[in-house]
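The structure appears right after this line, and notes come after that.
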Amino acid sequence: MKALVFEAPERAVLTHRDIPAPAPGEALVRVAYNSVCGSDLSFYKGVWHGFTYPVVPGHEWSGSVVDVNGPRGADLVGRNVVGDLTCSCGTCAHCAAGTPTLCEDLGELGFTRDGACAEYMTVPVANLRPLPDTLPLRTACQVEPLAVALNAVDRLGVTPGEKVAVMGAGGIGLLLVQAVRLRGGTVTAVAEPVPERRAAALALGVPAAVGGDPGALVELTRSDPAAVPDVVLEASGYPTAVQEAVEAVRPGGRVGLVGYRIEEAAVMAPHHIVLKVLTVRASMGPGTRFEEAVDVLASGAVDVDALLSHEFALDDYAKALDVALRRADGNTRSYFNLRA
């Protein structure tokens with residue numbers, strides 16, 4: 001089978017290897033689609049956390065079960081599935097509290113063990129979620145990022161009627177816009193430097209989309225009091241955006257840190273947080289929102305067509321990574337069709 005391998009920082013190679021055999025409690029999955037996440041790009045550049053070289057990347061995927069090793073999951077053979085990247089123990093205090101991304105023995109598909117940028121992969125049966133037959137596999141590869149967005153919105157406690165601004169309109173940012181609406185909130189503005197991504201946000205009904213220049217969102221909120229948000233969700237990870245989120249949100253409001261970049265230190269003035277009595281809260285990963293994300297996508301309540309902007313065969317991995325890294329041609333998500 002073909003498999004993309006990250007061997008070292010900025011060194012990706014397409015390999016041919018045997019189809020892996022599932023260990024006890026695992027399933028063999030034939031991958032259909034895998035989208036390229038911002039964390040994959042940071043991993044490629046060597047500036048991510050908790051990863052191991054060499055490894056097959058990829059954690060936003062869909063596919064179908066070919067085989068299982070053991071009695072559990074036998075009913076999944078032949079079914080279309082997605083899967084949680086989080087390989088947690090299920091028994092530690094963090095897992096028991098519903099925060100598996102903080103597991104004391106955490107592993108992650110596509111980071112510490114081989115992921116979905118391959119024609120086949122092995123996945124713990126416990127991580128698999130079956131898909132309804134009506135949900136296309138291309139759409140289903142966005143279950144994981146949608147779960148990330150739902151988890152972030154819920155961690156910030158967005159309630160009906162609240163106004164929310166989103167910083168960054170890449171894949172996660174555009175899903176945050178729709179997740180806020182699912183919870184009854186109103187997205188009043190998006191800040192994004194790439195024109196095509198701003199256009200995608202406007203197409204989703206966001207009333208205002210400003211550029212990524214420092215101060216653009218703050219200027220908007222000062223010129224239009226109705227645009228002052230109760231919550232700002234920062235999804236870009238850029239250092240200046242964190243401080244701008246703190247300045248743009250209303251006094252007593254909440255700031256959610258969803259994106260981050262290890263290679264650059266964020267700048268946040270504590271006095272703004274203290275004087276405005278703000279709540280700043282972080283969110284990472286899908287949490288426990290995987291099943292809901294499957295149901296939401298199957299219902300058609302969230303549109304992912306604007307996210308999946310550039311399709312590639314695995315043979316074209318170099319171009320896929322380049323387009324995603326440069327955000328060329330309005331790229332929001334490069335994705336691989338593993339069955340092309």
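Quick reminder: no glycine exception, Cβ is built from N, Cα and C everywhere.
Swiss-Prot names Cys37, His59 as Zn(2+) 1 ligands; from the candidate set Glu119, Glu144, Glu162, the record adds Glu144 to that same site. The subset of binding-site residues (Cys37, His59, Glu144) lying with their Cα within 10 Å of the Cα of Cys95 (Zn(2+) 2 binding site) is empty, i.e. none. Within 8 Å of the Cβ centroid of the Zn(2+) 2 site, not counting the listed residues Cys89, Cys92, Cys95, Cys103, the chain contributes Ser88, Gly90, Thr91, Ala93, His94, Ala96, Pro100, Glu104, Asp105, Leu106. Look at the Cβ of each of the binding-site residues Cys37, Cys89 and count the other Cβ atoms within 10 Å; the largest number goes with Cys37. If you take the Cα of Cys92 (Zn(2+) 2 binding site) and the Cα of Glu144 (Zn(2+) 1 binding site), they are about 23 angstrom apart, rounded to a whole number.
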